[in-house]
Amino acid sequence: MRSIGAVNYCARRVPSNLLTWGREPDVCNGDAPHRSREMMKFSWDNYKRYAWGKNELRPLTRNGHIGNMFGGLRGASIIDSLDTLYIMGLTEEYNDAKEWVQTSLDLNSNGEASLFEVNIRYVGGLLAAYYLTGEEMYKNKVLELGEKLLPAFNTPTGIPRGVINLGSGTSWSWGWASAGSSILAEFGTLHLEFVHLSELSGNPVYTEKVMNIRKLLNKIEKPHGLYPNFLSPVSGNWVQHHVSIGGLGDSFYEYLIKSYLMSDKTDGEAKKMYYGAMEAIEANLVQKSPGGLTYMAEWRGGILDHKMGHLACFSGGMIGIGADDGAPEKRQHFLDLAAEITHTCHESYTRSATKLGPEAFRFDGGGEATATRLSDRYYILRPEVIESYMYMWRLTHDPKYREWGWEAVEALEQHCRVESGFSGIRDVYTMTASHDNMQQSFFLSETLKYLYLLFSDDDLLPLEDWVFNTEAHPLPVIRRSCAQDEATQDKTSSE
Ligand code: DMJ
């Protein structure tokens with residue numbers, strides 16, 4: 001028997017309810033938790049066999065993929081899997097992963113890395129592994145890595161650039177981002193991890209960096225109260241008026257409400273920004289289709305693009321977890337909106353031949369919740385729809401969310417499982433599979449973890465105690481009472 005939430009953390013005090021790890025799943029849920037655990041083991045075993053130490057598995061060609069998102073860092077699938085293996089009780093596999101981190105994770109890399117991706121996968125993954133297990137090694141590694149990210153903030157405004165060389169500290173903007181701008185979903189998705197880096201190191205610099213981003217966002221004018229996706233790190237002005245709850249914007253909104261929740265509901269500024277943003281989103285982006293489906297359109301300088309990306313489907317869960325803390329009279333409204341968005345995302349799955357959803361679906365050109373462009377028909381094992389099922393299950397216990405999760409399990413098994421792992425597919429509308437030969441690391445950290453949680457009891461990583469970063473790595477709520485205890489202790493010891 002092991003416990004989950006092993007770190008003795010006063011702010012570092014993780015949840016009081018100690019849970020057995022790898023416990024037998026609830027029999028009422030039948031095969032489901034076993035199945036997602038088996039899918040994890042299968043994905044992991046194949047990664048280990050054919051791609052060990054590389055970033056992802058290529059399951060058809062049976063080799064590893066390195067890519068260019070993490071600079072010289074390796075083992076993205078290992079770091080992303082640590083907490084999933086741990087909570088599923090895949091002990092041997094977890095121990096192999098831990099040993100690799102201990103002996104082979106080399107942080108002295110010199111390549112060009114995405115600040116955002118390194119933060120959500122590596123920093124998030126190592127922090128969660130530390131909080132779950134209490135292994136000091138993870139803490140040492142994550143603090144070493146955190147320090148290497150700091151030079152990205154050396155810009156005239158303190159808004160970090162998107163790409164950083166982890167060796168030299170030089171940073172620059174993505175070539176594709178307009179006019180050297182930084183991306184809202186990238187610089188806006190650092191807060192949770194950076195606050196924990198300050199907690200663990202005792203060094204306020206990380207919190208200062210992210211609070212400075214927030215300060216600037218609060219200061220500048222927002223068109224109709226909306227946050228555009230591109231901002232200049234030099235002038236601190238918006239570069240284009242494109243607003244999206246999907247790619248480029250998404251996790252910025254997610255981190256506002258989660259910052260509030262992770263602060264034990266003390267971060268009033270995050271709360272205000274979240275509900276303010278929600279008001280603007282509802283006024284400008286939320287739409288109802290002729291067929292009665294609620295969706296979030298994209299906004300381009302006042303003109304709506306009636307399209308919703310798979311990425312935007314995380315918003316059902318986000319609006320759900322934010323329902324309780326807005327104005328009391330809006331609680332039911334937010335829960336209804338969360339349910340409607342989740343329903344629409346489910347429709348994007350059920351309207352395809354494979355019962356998996358496309359990368360983007362539209363509400364114009366005659367169809368609803370279906371991809372109209374060939375280039376939007378793919379599915380790369382993304383988690384967002386299942387993520388919303390998990391949150392909505394926890395919030396409502398409506399059995400339909402587990403049924404929908406099970407449909408996704410069956411579709412993944414039928415269309416994405418190949419002989420040596422799981423692969424994305426190129427067209428969700430055809431039964432003749434064309435696989436993309438990539439087992440994304442977020443499949444292990446998010447898709448399978450959210451499925452497992454959907455079919456487990458609510459006291460496995462309860463939402464009152466844990467906040468999931470955008471890569472599904474659980475971070476503990478920083479308890480206000482503990483902060484007070486520590487302040488009293490400090491005072492007493494200095495007297
Ligand atoms: C993940 O890396 C994270 O969820 C991120 O916020 C968005 N995209 C992928 C999964 O789709």
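Cβ coordinates come from backbone N, Cα and C, glycine included.
Per TrEMBL, the feature active site, proton donor maps to Glu117, Glu359. Marked as active site by TrEMBL: Asp250, Glu384. The disulfide bond feature in TrEMBL is assigned to Cys313-Cys345. Annotation source TrEMBL lists Ca(2+) binding site at Thr470.
Cα proximity to Cys345 (disulfide bond) (within 10 Å) is found for the following active-site residues from Glu117, Glu359, Glu384: Glu384. Filtering Glu117, Cys313, Cys345, Glu359, Thr470 by Cβ distance to ligand 1 (under 6 A) retains the following recorded positions: Thr470. Residues within less than 8 Å, Cβ to Cβ, of Glu384 (active site) and separated from it by at least 6 positions along the same chain comprise His310, Leu311, Ala312, Cys313, Phe314, Cys345. The most densely surrounded of the active-site residues Glu117, Asp250, Glu359, judged by C-beta neighbours within 10 angstroms, is Asp250. With respect to Cβ neighbours within 10 Å, the disulfide-bonded residues Cys313, Cys345 differ, and Cys345 shows the lowest count. In the three-state DSSP scheme, Glu117 (active site, proton donor) falls into the helix class. Candidate recorded positions: Asp250, Glu359, Thr470. Nearest to Glu117 (active site, proton donor) by Cα distance: Thr470. In the three-state DSSP scheme, Glu384 (active site) is classed as helix.
Mapped onto three states, the DSSP output places Glu359 (active site, proton donor) in coil. Within 10 Å of the C-beta of Thr470 (Ca(2+) binding site) we count 26 further C-beta atoms, all protein chains included. A coil conformation is recorded for the residue listed as 'Ca(2+) binding site' in the three-state DSSP classification, outside any helix or strand. Residue pair Asp250 (active site) / Glu359 (active site, proton donor) shows a Cα separation of 14 Å.
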